[in-house]
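Quick notes on the structure that follows.
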């Protein structure tokens with residue numbers, strides 16, 4: 001059966017200096033990239049917090065670390081990112097929709113200025129609804145930065161999306177949606193709601209639970225609507 005695949009990484013926290021949050025985020029991301037370039041995959045998606053402080057220098061450093069990646073690069077903003085600077089360096093990679101055969105990945109922006117938690121504005125929900133209405137894909141994946149369900153872990157859920165009900169009010173109208181992906185919580189987890197997979201991507205920097213490794217998610221999308229997730233660790 002025909003399939004396509006893509007890799008999701010998240011929360012790279014690349015800074016002007018190599019160390020952020022007590023770990024060498026530069027070296028850690030390089031290890032992850034070295035593993036990804038040996039995978040036969042169609043795209044690399046970064047689901048926010050590309051950098052730690054959103055400086056132009058850190059985005060340029062990230063660009064250098066990502067240089068070996070020869071596949072399509074897709075990025076969305078996280079609460080640590082500064083959109084003007086992100087846009088300056090990664091304008092070609094910021095996306096709202098991306099098609100892989102019968103599948104489409106649609107992003108929505110949950111970032112609030114100067115706040116750690118997420119919120120989807122009326123405008124953002126309207127845009128998401130419009131993109132869903134327009135989609136001719138058979139199957140859809142949604143990606144945003146913030147968690148949309150309680151993480152059932154040491155993670156502080158008050159730092160997640162503040163208005164998940166408003167999001168579900170939009171998404172529940174579209175049975176084509178197979179999964180919702182996010183980062184922010186620095187941990188790998190999988191949930192399910194009304195038959196839709198809800199997937200948290202680990203961080204390339206460090207995890208906030210007792211997992212000491214760094215990791216990423218590799219998704220395979222089949223033409224019959226099946227989706228498999230392979231979380232890989234280093």
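Placement of Cβ uses the backbone N, Cα and C atoms for every residue, glycine included.
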Listed in Swiss-Prot for the Fe cation 2 site shared with 49, 145, 184, one of 24, 79, 209, 210: 79
Matching residue for the AMP site, where Swiss-Prot names 13, 49, 79, 80 - out of 4, 186: 186
Pairwise CA distance, residue 80 (AMP binding site) versus residue 49 (Fe cation 1 binding site), rounded so that it is a whole Å: 5
Largest tally of Cβ atoms lying within 10 Å of a Cβ, found at which of the binding-site residues 13, 80, 145, 184, 186: 184
Any further residue of that chain within 8 Å (Cβ to the Cβ centroid of 11, 13, 49, 186) of the recorded Fe cation 1 site: 10, 12, 48, 78, 80, 183, 184, 203, 204, 205
For residue 79 (AMP binding site), the number of other Cβ atoms found within 10 Å of its own Cβ: 20
Integer Cα-Cα distance in angstrom, residue 145 (Fe cation 2 binding site) to residue 79 (AMP binding site): 8
